[in-house]
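> Could you have a look at this structure, given as structure tokens, before my questions?
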Amino acid sequence: MAQVWKDAEISLDPIKDQTVAVIGYGIQGDAQANNMKDSGLKVVVGLKEGGSSWKKAASDGHRVLTVAEACKEADIIHVLVPDMIQAQLYRDEMGPNISKGKALSFSHAAAIHWKWIEAPSDVDVIMVAPKGPGSKVRETYLEGFGTPSIVAVEQDSTGGAWDRTLGLGKAIGSARAGLIKTTFKEEVETDWFGEQADLCGGSATMVVSAFETLVEAGYQPEIAYFEVLHELKLIVDMIQKYGINGMWRRVSETARYGGLTRGPMVMDSHTKERMGKVLKEIQDGTFNEEWVSSYRKDGRDAFDKYMKELDSHQIEQVGRKMRKMMWPDSTE
């Protein structure tokens, strides 16, 4: 079983006099920086000068600096910009201003694990990764609780890397729920696998296939949309809150029997074998090489071209109409 730390076990003392530079002020940067500040840490925010994020961070009461200035001043540099800009940002602004004894901190392990960034040997390399969106990280903190985080130390140069890691987890509010020990390798491989095989790739592809099956059999697209896509959230919410068996106990008896007996016909041993192939390509670096190469060559078009194809699919055309019925004021 994984090791878990709780709030009462952790002290902020080891980092209370250290300055934390939060690099980036998107959804996670906003939430984590404000939680740290409210927990009493010395926080600066490192951003591109003059942008909308700069104004937002300043209006939230933060001292805002350029990325280079923030890294030079801080003891802990907490990197919360998108994965694919981290390497260049590190080369241009962060790396030249990171000196012995500082800590490089992340909320995702990819840049370090795949060596997009190669940290010097005389700094700590740590991770605090909340398992929820930034809005939830902030919301649960303000409610007096927190969003769990997974935590790891890749490099302990100072001997105090774990104190820094756990202190950040406490300041973010995550220790109130629990800090779960992991490794950089485990975080990125399981995170990418979940995104590809289940959460994003697998579930979206399954929904499209189910929709096509019904429409090709002569059913109305609008009805198919409701049955295979719209109602999915109800089931996922139950699974998240009550577990898989808890979901089975809360659906109709017909849904329970049909799902338990027919589900394995859809997701069978061959599906699991293909999932294994997806995992292997993550583990051996095949996917990383493909992704980085595609992004360097095509930028956002590396994935936009697939999304453009889906935009013309019937499930999206019908979906836009159905969503307008339920949320007339929403924009997509």
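First residue shown is number 1, and so on along the chain.
Each residue, glycine too, has its Cβ placed from N, Cα and C.
What you are looking at is a predicted structure, and each value in this text was computed from that prediction instead of being measured.
According to Swiss-Prot, the protein has these features:
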- H108: active site (ACT_SITE)
- Y25, G26, I27, Q28, K48, S53, D83, M84, I85, Q86, G134: NADP(+) binding site (BINDING)
- D191, E195: Mg(2+) 1 binding site (BINDING)
- D191, E227, E231: Mg(2+) 2 binding site (BINDING)
- S252: substrate binding site (BINDING)
- 1-182: domain 'KARI N-terminal Rossmann' (DOMAIN)
- 183-329: domain 'KARI C-terminal knotted' (DOMAIN)
> Quick one: Cα separation, the residue listed as 'substrate binding site' versus I27 (NADP(+) binding site), in Å?
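The residue listed as 'substrate binding site' and I27 (NADP(+) binding site) have their Cα atoms 38 Å apart.
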> Among K48, H108, the recorded positions in question, whose Cβ has the most other Cβ atoms within 10 Å in this structure?
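The residue with the most neighbouring Cβ atoms within 10 Å is H108.
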> Of D191, E195, E227, E231, which binding-site residues are close to I27 (NADP(+) binding site), meaning a Cα within 10 Å of its Cα?
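Of D191, E195, E227, E231, within range: none.
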> Long-range same-chain neighbours of E227 (Mg(2+) 2 binding site), Cβ under 8 Å, sequence gap at least 6?
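Listed in sequence order: L214.
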> Which binding-site residues are spatial neighbours of H108 (active site) here, meaning Cα within 10 Å, out of Y25, K48, I85, G134, E195, E231?
none
> Indicate whether the residue listed as 'active site' is helix, strand or coil by DSSP.
coil
> What is the pLDDT of the domain 'KARI N-terminal Rossmann' (1-182) when averaged and given as a whole number?
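Averaged over the domain 'KARI N-terminal Rossmann' (1-182), the predicted model reaches a pLDDT of 97.
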